[in-house]
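Below is one structure, written out as structure tokens; the observations come after it.
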Amino acid sequence: MRLLDIRNLNIELITNDSRIKAVESANFSMRMAEVSGLIGESGSGKSLIAKALVGMLNNRWHVTADRLHFMGQDLNRMSETKRRKVISDNISMIYQEPRRCLDPTSNIFSQLEESLPDYEFSGWFGAKKELRIKKCIRLLHKVGIKDHEKVFNSYPHMLSEGICQKIMIAMAIAKEPKLLIADEPTTALESTTSLQVIKLLKSLNQLKEMGVIFITHNLVSITSWADSINVMYCGQLIESGLTKNIINAPKHPYTKALFDSEPDFNARDINNKQKLYALKGTIPTLQHLPIGCRLGPRCPNAQRACVKIPEQQKVKGQYFRCHYPLTDNWKKA
Amino acid sequence: MLNYFYRKLSLLFFITFGVTVFVFSLNFLFPTDVLSNMSGIPNIGEEDYAALAEQYYLNNSVIIQYFAFIGRIWQGDWGVSFITGTSIYSQVFRVLPATIELAIYALLYSFIVAIPLGILASSETYPWLDKSILALSIIGFSMPIFWLALLLILVFSIGLGWFPTSGRLSLIYNIPSSSGFLLFDIIRSNVDYKVEAFFDALRHLALPTFVLAAYPTTVLIRTTRQSMKDVMNTSYVKAAKAKGLTSGQLLRRHGLRNGLLPVIQMLGMHFGTVITLAMVTEVIFAWPGVGSWLVDAIHQRDYPAIQGGLLVISGMVFIATILFDLLYMIFDPIARIRGHGKI
């Protein structure tokens with residue numbers, strides 16, 4: 001059974017005079033307990049997919065999908081309330097801006113406590129409350145906050161960004177979800193805690209069978225851990241496959257460029273003041289998207305056929321959308 | 001918390017200083033004689049003048065006169081009225097409760113009506129509801145209340161005869177005054193016609209309360225609508241929604257608390273306007289409050305009374321503003337850390 005299976009996901013921004021396709025026909029699937037990396041430049045629509053999944057987009061956004069299956073259930077055919085129930089019970093998300101996702105007027109304890117599921121604790125009222133408090137303390141200890149008493153009584157503005165991020169993580173893992181969407185969870189953290197957090201997510205992934213969508217643009221942190229990688233460019237999911245295949249034999253020119261732009265400081269072939277590799281041009285704005293393959297204007301291999309959006313192809317379990325895929329077995333130097 | 005309270009109190013002290021200086025200077029600015037303004041005795045004879053001047057420190061410097069003035073205010077010696085010759089202090093505090101009563105009921109009413117309407121209007125599910133509520137609030141906002149009051153009297157008092165046209169209580173009921181707040185007085189009194197008097201007082205209250213509440217209600221509807229719209233669009237509400245909270249829980253735990261903060265602030269800011277409007281309402285409905293009393297004093301050029309009324313009304317507005325600020329602070333943890341000297 002697949003944990004998540006999405007076909008042809010479109011996310012459109014409705015403005016006064018036009019509809020902008022912020023995410024165009026993305027296909028995305030995950031096995032149970034898989035760690036899937038979602039990488040791409042900022043503004044490529046990674047967070048948008050995540051927010052669409054948990055239903056955080058307001059009604060200025062129009063989300064459609066041909067197929068939207070979660071653990072064998074067709075979310076498209078459910079009523080709004082049922083879908084929200086399924087999603088909130090099984091999917092949780094670590095948000096990019098932790099401070100803005102915490103209510104400024106209520107203290108941390110009440111916010112952490114309300115993300116615990118209702119059904120888990122039995123007993124009479126007082127005992128239940130006590131159990132919930134204990135669980136909250138355990139959660140905070142798990143994410144590396146030792147001074148739980150003080151944090152419980154604090155308001156978000158009194159805490160640092162890093163601690164807020166940890167609290168978000170504690171809230172996200174509170175109900176032991178089947179799928180955790182981590183939207184750049186470690187950007188606000190110092191490197192030691194960021195390692196701790198990744199370790200924690202890893203252990204949850206292995207012990208509790210929790211699937212993880214890891215959204216990042218830090219290639220190093222993802223390649224060591226993720227089972228599969230999905231690469232996005234400008235709202236199009238251009239390539240996805242197993243991590244080692246993507247690293248060793250990317251089919252799409254953009255994937256290759258992405259990995260090329262990460263300088264390899266271990267190799268000795270970087271000279272003094274050598275220019276680092278970068279793809280020419282910048283990511284286009286949403287108002288001026290190129291037709292067809294959106295990488296077209298920047299792509300080193302672009303030809304006339306690229307003005308049509310390429311169909312998704314599959315070679316050895318690797319999906320990609322490119323008219324002229326890289327064929328030679330390119331190895332990372 | 002205590003620190004904040006102290007800061008607000010010190011603000012109150014400085015404002016009181018400013019107002020008392022202004023009221024004191026009115027003694028010299030009003031056209032009649034300084035000593036008459038201070039004492040409230042219109043035409044002082046030659047023989048009394050020296051003694052009175054001695055009593056009011058008129059021969060000493062202005063600063064000593066000011067402190068003497070403060071001392072008199074503190075002791076409740078606010079002079080006597082030019083017209084009636086009775087103590088202004090007792091007059092003011094006899095009519096003040098009526099105004100406070102009217103203003104509180106009007107604010108309460110507008111709060112109860114405006115908050116649900118504002119929340120309904122902010123919901124994106126029913127756009128037609130939003131439009132109709134907004135239209136209604138525009139009408140209420142732009143209608144002058146003296147005109148509204150006259151219309152209501154015309155329709156409901158004269159036409160339909162549901163409500164009395166003026167006054168606080170029908171003359172057939174005699175309620176001993178203890179606190180000055182009529183409804184409480186009726187409840188505490190031991191008369192046989194308690195229930196009838198209570199309902200009669202309510203019927204007298206209905207129209208003035210509605211008229212006075214018209215303006216704050218429309219302001220509150222618009223503020224609530226806007227701030228609820230903003231709050232429901234913030235990331236934290238959406239994140240809470242993604243946690244699986246129901247709409248009711250969302251509104252109760254996160255929406256209302258954040259959404260009502262600007263509303264409380266707005267209420268505090270508009271309290272002064274409400275008091276001004278209360279004066280108009282009082283005059284129209286012959287409500288025996290401080291507003292109509294002050295208007296009478298102005299008509300009759302009763303300068304000592306004008307000073308007393310000014311002092312009381314401004315004091316009331318300050319205390320209300322500070323109370324609303326404290327209320328705001330209780331709900332908003334961020335307000336507690338903000339800088340000094342903010343009003």
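Note that Cβ sites are derived from N, Cα and C of the backbone, with glycine treated the same way.
Marked as transmembrane segment by TrEMBL: B:12-30, B:102-121, B:133-163, B:201-221, B:260-285, B:305-328. The annotation domain 'ABC transmembrane type-1' is assigned in TrEMBL to B:96-328.
The largest share of C-beta pairs under 8 angstroms with the transmembrane segment (B:305-328) comes from B:260-285, of the ranges B:12-30, B:133-163, B:201-221, B:260-285. Beyond its flanks by at least six residues, the transmembrane segment (B:12-30) meets 37-38, 65-66, 69-70, 73, 303, 306-307, 310-311, 314-315, 318-319, 322 of its own chain at Cβ-Cβ distances under 8 Å. Relative to the transmembrane segment (B:102-121), the listed stretch B:201-221 leads the set B:133-163, B:201-221, B:260-285 in CB pairs under 8 A.
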